[in-house]
Each structure stands twice: as C-alpha cells, then as structure tokens.
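Remarks on the structure that follows.
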Amino acid sequence: MVSLEKNDRVMLARQLPLESVALILAGGRGTRLKDLTNKRAKPAVHFGGKFRIIDFALSNCLNSGIRRIGVITQYQSHTLVQHIQRGWSLFSEEMNEFVDLLPAQQRMKGENWYRGTADAVTQNLDIIRRYKAEYVVILAGDHIYKQDYSRMLIDHVEKGARCTVVCMPVPIKEATAFGVMAVDESDKIIDFVEKPANPPAMPGDASKSLASMGIYVFDADYLYELLAADDKDDASSHDFGKDIIPKITREGMAYAHPFPLSCVQSDPQAEPYWRDVGTLEAYWKANLDLASVTPELDMYDQNWPIRTHMESLPPAKFVQDRSGSHGMTLNSLVSGGCIISGSVVVQSVLFPRVRINSFCNIDSAVLLPEVWVGRSCRLRRCVIDRACIIPEGMVIGENAEEDARRFYRSEEGIVLVTREMLRKLQVKQER
C-alpha cells in the first residue's frame with residue numbers, strides 16, 4: 001500500500017482521470033420496469049423531469065475529469081444513441097476527448113448478442129486497446145448516483161490494487177439482487193458471491209450485507225489478460241459479477257472501495273445516495289423524491305451538475321380556464337413546455353411538453369414527455385409513458401381491480417400506462 005501526501009492526491013486527482021477510459025454498460029433491457037422498456041433500453045429511460053438515466057454516469061465521468069468514454073449498447077439502442085449524439089457532443093477530438101458508441105459486434109459464431117457483461121467488453125477489445133489507457137473504469141449505465149471517480153482511482157493506486165470494486169451496505173433482504181462480498185482490515189476482498197440466495201451479513205451488523213455496486217476499476221493490461229482467458233473458458237458465463245470478480249478474489253487481487261469515500265453530496269451528514277430504479281415502484285419513488293421539500297438527491301448542486309440534451313422549449317405555463325379555475329402545483333417538478341390549465345398538480349413530476357386540461361387532479365404521478373391529459377381526469381400513484389393521450393374523465397389509481405384490468409398495476413399499487421394499453425381500450429392516441 002502506498003501512502004500519499006495531500007499534494008500527491010491533488011496531482012493524482014488531475015492525472016489519473018486523464019490516464020483512464022470509462023466503459024459504460026448500457027445494453028440492459030430492464031425487464032423489471034415492464035412496458036416502460038419495451039421500446040427503449042433502461043439507460044435511456046427518462047428520469048427527474050428532463051434527464052435520461054445514463055446522464056448520471058456520463059456526468060460523473062465529465063465532472064471527475066474522465067473525457068474518454070465508451071458506451072456499450074445492445075437492446076433497443078436507437079433512443080439511447082440519438083440522445084447521446086444530440087446531448088453529449090461537447091467533447092473535443094483535438095484534445096483526445098470523446099464518447100464512443102460501441103454496439104454489439106456479433107463477432108462470435110452462432111452468437112447474436114453479448115453473452116454477458118464481460119463479453120460486452122471483450123467483443124470491443126480491439127477498439128478499447130486503441131485508447132491506450134492505463135486504467136479502465138467499468139460503469140453501469142442504469143443507476144442514479146453522483147460519484148467522483150478520481151477519488152476511486154486514487155484509492156485504487158494507493159492500495160496497489162489490480163482491480164477495485166465499489167461497495168456499500170444494503171439491507172440483507174435486498175442483497176439477493178447484488179454481488180455480496182467480505183473484506184479484511186485492508187479492504188482486500190476475501191470472498192465474493194454473485195446474487196446469493198442467503199446473503200452473508202456484515203460483521204457487527206446482522207441486518208446488512210456488503211454489496212457490489214457494479215462499478216469497477218482495473219489496471220488496463222490486467223483486465224485484457226483476464227478477458228482473454230475468460231473468452232476461452234467454455235464453462236464461463238462471461239460476466240463480471242459471476243466470473244471475473246470471483247476469480248480475481250480467489251487470486252487475492254481485488255480490493256473494495258467504500259462508496260461513501262467518493263460519493264458526491266452537498267450535505268456531508270446525509271446518507272450516500274445510490275439507486276438502481278430497476279422496478280416500477282423504485283422508479284416512481286425516486287422521481288417523486290426529487291419533488292419533495294428536502295430530496296435525498298441534490299439536483300441543484302452547481303459544483304456537480306448533471307448534464308443532458310437541452311431542447312429549446314418555452315417556460316412552463318399555469319393558466320386560468322374560462323370557468324375561473326387556476327392552474328396550481330405544490331411540491332412538484334414541472335418542466336419546460338408544460339401547460340397546466342385550471343387543474344391541481346400535487347407531489348408529481350411533469351416532463352417536457354405535458355398538457356393538463358381543466359378540472360384535473362394529478363397526485364403522486366410521473367408524466368413522461370408529451371403526455372396530454374383531457375378534462376376532468378384524476379391520476380394518482382401512476383407513471384404515464386411518453387406521448388400518451390388520457391381521455392376526458394379517465395380515473396387512474398383509485399380502483400385496484402379496474403387499474404389491473406386496463407393497465408399494469410404493481411404489487412405496491414403503482415400503475416403504468418402506455419399508448420399500447422390505451423389503444424386496447426379503444427382510446428385514440430392521435431390528436
């Protein structure tokens with residue numbers, strides 16, 4: 001382990017990101033989000049009023065000083081590719097800065113797509129090697145969080161690690177969805193199990209397990225060696241969590257990096273924020289939290305901005321209808337281009353160009369771009385997909401049986417509405 005002085009850390013915080021390339025795994029389908037990902041990859045799903053989920057990983061790279069980024073795509077990639085081309089063309093090729101889009105190469109005989117997360121990198125190794133990076137940062141493109149990757153890189157170098165895995169404690173009942181690890185006093189990973197049926201508890205806290213966040217740092221040459229060997233292993237599933245990390249744990253080459261050490265927070269006393277938003281309820285809840293008085297995730301931090309594709313839209317407008325009813329909102333996010341006419345919106349998130357007509361009551365709802373709500377509608381505890389037309393007088397979120405018959409209703413009572421579901425009800429989806 002190398003002991004670094006303060007000045008050394010400042011220098012490395014600038015130097016290490018320049019010697020690194022980030023690879024964002026963005027090919028996931030996100031099946032637990034149900035129909036919300038039928039036509040888009042999970043990283044391309046809208047979030048927070050104006051963003052896409054992948055904007056968080058991309059912004060973390062930019063804010064951390066990593067200006068060489070590869071985005072590995074696969075499932076329903078058109079929307080994602082279009083978003084990155086329109087919103088992330090700010091890098092300078094002359095300065096060797098870029099966002100490369102890396103689609104599935106289909107190089108394996110008999111294989112149409114990537115066999116696993118590790119194979120997604122393996123199939124692009126000829127391109128990745130050209131970046132001539134010293135370190136490779138592997139990221140998931142479908143998580144919501146703010147992290148300074150330069151701090152993680154410093155920790156990687158200071159520990160003399162060949163591989164670093166970012167981790168955080170999670171409730172033991174949720175740990176079955178993660179890779180779970182045990183570490184020694186130096187943070188060396190001494191055991192790693194991917195998605196165990198009975199997750200081991202952390203020492204001293206039987207209610208939690210130490211979970212991998214799917215964020216890794218590798219010495220580049222070491223990663224290339226690992227992937228070459230894994231590619232030849234017919235017994236491997238070619239996945240980082242299932243194969244690569246357990247292997248290097250057995251070899252004693254993997255170290256853990258506690259997420260709180262590099263999590264970016266405006267309030268140092270707050271709990272580190274990281275969300276998978278992999279289920280409809282988690283997605284709905286994370287969006288609505290941003291509209292609360294004191295949200296867990298600070299989106300107003302000018303020192304760590306989240307960037308996205310910015311459309312030229314007029315400001316949101318709240319108008320009085322002919323009967324004298326005023327458009328009003330409370331504890332809500334309302335994006336540009338929205339018009340609220342004589343209706344009440346409470347604890348909700350409205351994405352760009354949403355139109356709500358008179359006499360409506362919108363409560364705890366997430367309305368994606370271009371949703372049009374007819375007069376006298378009541379929407380509660382729901383997610384309305386992009387460009388849906390909700391007909392006059394429709395009620396959603398008040399009758400469980402009716403909601404389950406017409407739309408998708410989760411076990412927690414969150415209702416998802418899409419254009420296809422409305423068409424099946426003979427509701428015209430063109431205006």
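Every residue number used here counts from 1 along the chain in the order it is shown.
Backbone N, Cα and C define each Cβ position, glycine as well.
These numbers come from a predicted model, not from an experiment.
Per Swiss-Prot, the features are as follows:
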BINDING   Lys39, Arg419, Glu420, Met421, Leu422, Arg423, Gln429, Glu430, Arg431  beta-D-fructose 1,6-bisphosphate binding site
BINDING   Arg40, His46, Arg52, Arg130, Glu370, Arg386  AMP binding site
BINDING   Tyr114, Gly179, Glu194, Lys195, Ser212  alpha-D-glucose 1-phosphate binding site
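For the alpha-D-glucose 1-phosphate site, whose binding residues are given in the record as Tyr114, Gly179, Glu194, Lys195, Ser212, the maximum C-alpha distance rounds to 22 Å.
Among the listed binding-site residues, namely Lys39, Arg40, Arg431, the Cβ with the most fellow Cβ atoms inside 10 Å is that of Arg40. Annotation for Gly179 (alpha-D-glucose 1-phosphate binding site): spatial neighbours Val165, Phe192, Val193, Glu194, Lys195, Ala211, Ser212, Gly214, Gly241, Ile245, criterion Cβ-Cβ under 8 Å with sequence separation of six or more. Sequence-distant contacts (6 or more apart, same chain, Cβ under 8 Å) of His46 (AMP binding site) comprise Arg52, Phe351, Leu368, Pro369, Arg386. Looking only at Cα atoms, Arg40 (AMP binding site) sits nearest to Glu420 among the binding-site residues Tyr114, Glu420, Leu422, Gln429, Arg431. Between the two most distant C-alpha atoms of the annotated AMP binders (Arg40, His46, Arg52, Arg130, Glu370, Arg386) there are 42 Å.
Looking only at the binding-site residues Tyr114, Arg130, Glu370, the one with its C-alpha closest to Arg431 (beta-D-fructose 1,6-bisphosphate binding site) is Glu370.
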